[in-house]
Amino acid sequence: MAQKGFYYDSTVCTGCKACQIACKDKNDLKVGELFRKVYEFEGGTFPNVWGYYLSLGCNHCKEPKCAENCPTGAIYKRESDGLVVQDREKCIGCKMCIWSCPYERPQYLEEQGKCGKCDGCADLVDQGLNPVCVDTCPLRAIEFGDIEELRKKYGANYNLKVLPGANITKPSITVKAKPEAMN
Amino acid sequence: MFAEEWPLLTFTLLSQFGVGAYIFFVIVRAFNKKLGNNLAINVTKRGIMMVGPVIALALVFSLFHLGTPFGAYRSILNLDSSWLSREIIFTSAFFALWIVSFYLDRKGTWNQIVGWVTSVVGLGAVFCMASIYASSIKPAWTDVNTYLAFYGTTILFGAVTSMIFILMSKEEKTEGLTSIIKGIGLVGLGAMIVQLVYLPIYVSGLSVSGQAGLKSAALLTETYAFSTVIRWALSFVGLAIIGWVFYRNNKSQSQMKFYLAALTLVLVGEFLGRYIFYATGVSIIVG
């Protein structure tokens, strides 16, 4: 099965959150609901300080626990490109996906009484376009494509200190990180 | 925590109450021939009747957990991999089988095999229930402790409820029946001891399983330490009261207030235990 995924360059990201907002706009999310979220990390002692950002949407994991545990089958993995998508109609808002994702990505949509998540902008991908977060980034810090190819191009790096162990769900991401972000 | 999780808290507790009670009634009935006079059937008749409404109530409460309750029927669509789907199937099957066995019991043709099958399905429902938590990303839940806690509650509820129903029945407490009651009491006690023995292993395991586990361990040993002690004390005293009344005067039948007090203590103890279970479930997160 082909597997699409994200490459993210933490070394050039300025934390402008354009990706987060574009995603929010595309998915018409309400206050407090974020399918893609930019995390900020900082540390050190003056003058040796450091900081970096981490932009995370759904990692379209190889073994998505959210899809495995979803009782209605609303969340499923697309055969064609491995994107973990959701049939919102089917969702009953039981929040099992939220209990299952180590990356805190599925969100409870209060107004709808349902959960939602990043689907990699599957509708745009089907038209041969990029997810909105990718095209919105002014630094070109996010790239979308076949994860194998992205890892060939940029290296396979996903064991960041701040990320839960990749062995839990096998996320389809690779990150160019600052040394301080690595284990 | 309570505002969000009360439907699940009551669902798990009530369904375990129903399943536990049913299983113990069926076990008692297995001794029917030995006891003679249809005694085992007669002393558990009212108890069996109670199980169905309890399970029905549990299922209704579970709906309040859903953001879209009217879609509840769709929760059985992913039996392939979702423990939640399996839980709903097993709990519903338990309820359906209870109707069958209750109907047979009313007609005076109780079938022990149907009773056993229903019991096994009930145990399966509790297993699925525990597996939902065990397959989450909260270290406090992805542990053998979840199974011990859920089965422990099932057994303790079953033991306490069955003892109370038998002791409250009008039938004569023959020697055979008395020794069955003693046996049930010991099983209930055993279910508590197993959990208490595992508690330190559980907490020490949590404290070496990363940040989320460490936080859960800290909640258990600091914030909820006192509640944990109270929780076990209540359950234990509840069971002890039944034992005390039983040994003090097992001929008298006007012990209602003691039994009610005992049941209340065990219910509150297990409720508190389940509350702590939910409150200490800390998710693995980014950061």
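Just so you know, the numbers here start at 1 and follow the chain as drawn.
Even glycines carry a Cβ here, placed using N, Cα and C.
Under the heading domain '4Fe-4S ferredoxin-type', TrEMBL lists A:4-34, A:50-80, A:82-111.
A Cβ distance under 8 Å defines the sequence-distant neighbours of the domain '4Fe-4S ferredoxin-type' (A:82-111), meaning residues of its chain 6+ beyond its ends; these are 1-5, 29-30, 33-35, 37, 56-62, 64-76, 117-120, 122, 125, 147, 163-165, 168-169, 171-172. If one looks beyond the domain '4Fe-4S ferredoxin-type' (A:50-80) by at least 6 residues along the same chain, the residues whose Cβ comes under 8 Å of a Cβ in the stretch are 1-6, 8, 10-11, 13-15, 19-20, 23, 35-44, 86-92, 94, 96-97, 99-103, 105-106, 117-120, 122, 131, 133, 141-142, 160, 162, 168-173, 175, 177-178, 180-181.
The DSSP breakdown of the domain '4Fe-4S ferredoxin-type' (A:4-34), given as helix, strand and coil counts, is 9 helix, 6 strand, 16 coil. Across the domain '4Fe-4S ferredoxin-type' (A:50-80), DSSP assigns 5 helix, 10 strand, 16 coil.
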